[in-house]
Amino acid sequence: MPIVDSGSVSPLTAADKTKILAAWDLVYKNYEKNSVDILVKFFTGTPAAQAFFPKFKGLTTADDLKKSSDVRWHAERIINAVNDAVKSMDDTEKMSMKLKELSNKHVKNFNVDRKYFKVLAGVIADTVAPGDASFEKLMSIICILLNSAY
């Protein structure tokens, strides 16, 4: 299923959750490296998104991005937010609350264009479980919630 960022998707099934956890655990066990790789891939594929991060100004190459402590810090925040969602799959109210709070922060404090959530979700899904409908469903749920304040 392609990742969507509006409307609704069916709830995660027990089988979805099992697949998601298996794939996620493989990536998250090396979250420092994988988080940076994901964010660098996002910025190199979508350079306009980097404009929302003043601290990343002047980081023009993948190598520059990988070496930046600010990039590493933000990459870990992103992967930990996804990890929180993965760990909250059985508590959708908790997941919803946290992601809606994150949505509000990105609107009010950072004025981030919401289209980038879906792009980043695609990079994450391609890294964690390429082509896996269960993981794409989770990323759709995350995107829909991140768009809630827009």
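Using N, Cα and C of the backbone, Cβ positions are placed for all residues, glycine too.
Residues annotated as domain 'Globin' in Swiss-Prot, with sequence analysis given as evidence: 11-150.
Long-range Cβ neighbours of His74 (heme b binding site) (same chain, at least 6 residues apart, Cβ-Cβ under 8 Å): Leu39, Phe53. Residues or ranges marked as heme b binding site in Swiss-Prot: His74, His106.
Here His106 (heme b binding site) comes close to Val112, Arg114, Leu146, Ala149: these same-chain residues lie at least six apart in sequence, with C-beta atoms under 8 angstroms from its C-beta.
Confidence in the domain 'Globin' (11-150), given as mean pLDDT, stands at 97.
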